[in-house]
Structures are given as structure tokens and as C-alpha cells.
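Only one structure is covered here, and it is reproduced in the block below.
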Amino acid sequence: MADGISSFWGPVTSTIECCEMNYAYSSYIAEFYNTISNVPGILLALIGLVNALRQRFEKRFSILHISNMILAIGSMLYHATLQHVQQQSDETPMVWEILLYMYILYSPDWHYRSTMPTFLFLYGAAFAIVHAYLRFGIGFKVHYVILCLLCIPRMYKYYIHTEDTAAKRIAKWYVATILVGSICWFCDRVFCKTISQWPVNPQGHALWHVFMSFNSYCANTFLMFCRAQQRGWNPKVKYFLGVLPYVKIEKPKTQ
């Protein structure tokens, strides 16, 4: 929320502000809670990346975890500054990331191997160029939701073809986190005037970041399990510190 407090970054130039008082804790951080709430996303992506590298999963999963980290860092920059350029560093990686998910989901059954990655790369590059010059506003949200919806049929197909109970539980956590996170985001956007009058702001957008951090981790872990099944790597779900699920594989000696 805009206010009259002076800041290091100057006037707000982003097209979106969340329901949090600007520069309440520091003249260097516009939205404090919305900034620090991206830390779980970075840590979870780092854990996933280490697991993918240690067990030599396909490079696509390492890139996916790295894209999660880039998105979280871009979001931190955006909410810390509320500048239009930093807003693009948040929104453009969101689209790139979902395009990467589309590749991982659909590529196993795609007969023309070079066609899909080429198209998705050109699409992502074109979007980045256009987005650098145009402020889409609601158009960006609609575009992003459409891309997300295109992933649902394949995610559901993987779910119904997975018999492992632990893997299915991860998929259910994926659905639960995105639903709860979306409710937090919606309330923060729609009921901000009412929330601002409460004694304590629940920081709905910050909660959205936290839930989506776990959502991305669950999605990545579930997809790693499904891909390992396709490759015959005998995947099993294990738990880091007894809480955080990850995929343990046993590759045949020939691989």
C-alpha cells in the first residue's frame, strides 16, 4: 500500500501493490513480509537442486529447481523495490517457469523432440521482449492462468497412473497448497480495505509466497518420481528430517 514515507528506491513505478504498508520496517525494503516470504522458496529449490544433482537426474530437473530460485529472487527484488523493472524480473520468470513445466509434462509423449523445446524457447523469448515494453496488467494474470490450466490434464494423467501412495500424497499436497495459497492471494487483493482496518494484517500475499514455495517443491518432487518411473529407476519417496519428501532412485548399473 502506498504511503508518504521516503524510500531509497524512489516513487513506486510497479503496476501492482499488495496489502502491506510500504517501508514499515526499513527505507530499503518496500514490502517487508512479501520480500522475506520468498526465502522458503529459495531454500526448498536449493534442496531439490542438490537432490537432483546428487542422484544425477536429467538436467531438466536441475534447470527447473534453478528456475524456482530465480523466480523467488526476482520476487524479492520486486517486493523490496516496487519498481517496474523489478516487477518484470518477477513476472517474466513466472512465464518461463511454467513453460518449463509444460516441457517436462508433455515431452515424454512428444514424437518430434526438437519441435516443442524450440517453440517454447521462442515463445518465452518473444514474451520477454514484448513484456519489456508493454504493461499487461490483468492481461498478464489471464495469460499466466491459461498456461497453468494447460498443465492440469497431464498432471492428472500422471496422478491416476501412479500407484505409489506416498507419491500420490505429494500430488495431493500440491493441490492443497495451491488452493490455500490462492485463497490467501485473493483475500489480500480483494479485501485489502477491510483487512487494513484489522489490528493485525495476516499478510495474505506473503502467505501466498510460502504456500507456493511448497507447491513448487511438491510439483517438482512428484514429477521427478514420475519421470524416474518412466526411466525404470525404481523411485521411492523418502523424507528429509522425517518431514520433507524427496525422491530416492536406484539406476540400473548400465545407466
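Here the Cβ of each residue, glycine as well, is placed from N, Cα and C on the backbone.
According to Swiss-Prot, the features are:
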{"type": "BINDING", "residues": "H79, H205, H209", "note": "Zn(2+) binding site"}
{"type": "TOPO_DOM", "residues": "1-28", "note": "topological domain 'Lumenal'"}
{"type": "TOPO_DOM", "residues": "50-60", "note": "topological domain 'Cytoplasmic'"}
{"type": "TOPO_DOM", "residues": "82-91", "note": "topological domain 'Lumenal'"}
{"type": "TOPO_DOM", "residues": "113-118", "note": "topological domain 'Cytoplasmic'"}
{"type": "TOPO_DOM", "residues": "161-169", "note": "topological domain 'Cytoplasmic'"}
{"type": "TOPO_DOM", "residues": "193-205", "note": "topological domain 'Lumenal'"}
{"type": "TOPO_DOM", "residues": "227-255", "note": "topological domain 'Cytoplasmic'"}
{"type": "TRANSMEM", "residues": "29-49", "note": "transmembrane segment"}
{"type": "TRANSMEM", "residues": "61-81", "note": "transmembrane segment"}
{"type": "TRANSMEM", "residues": "92-112", "note": "transmembrane segment"}
{"type": "TRANSMEM", "residues": "119-139", "note": "transmembrane segment"}
{"type": "TRANSMEM", "residues": "140-160", "note": "transmembrane segment"}
{"type": "TRANSMEM", "residues": "170-192", "note": "transmembrane segment"}
{"type": "TRANSMEM", "residues": "206-226", "note": "transmembrane segment"}
Selection from 29-49, 61-81, 92-112, 170-192, 206-226, the stretch that has most Cβ pairs under 8 A to the transmembrane segment (119-139): 92-112
Among H79, H205, H209, which are binding-site residues, the residue with the most C-beta atoms within 10 angstroms of its C-beta: H79
Tertiary contacts of the transmembrane segment (206-226), as residues 6+ beyond its ends and Cβ separation under 8 Å: 20, 33-34, 36-38, 40-41, 44-45, 47-48, 52, 57, 61, 64-65, 68, 72, 75, 101, 104-105, 155, 158, 162, 164, 167, 170-171, 173-174, 177-178, 180-182, 184-185, 188, 235, 237, 244-247
Residues flanking the Zn(2+) site, with Cβ no more than 8 Å from the Cβ centroid of H79, H205, H209 and excluding those residues themselves: C18, E20, E31, Y33, N34, T35, S37, N38, S75, A206, W208
Integer mean pLDDT for the topological domain 'Lumenal' (1-28): 82
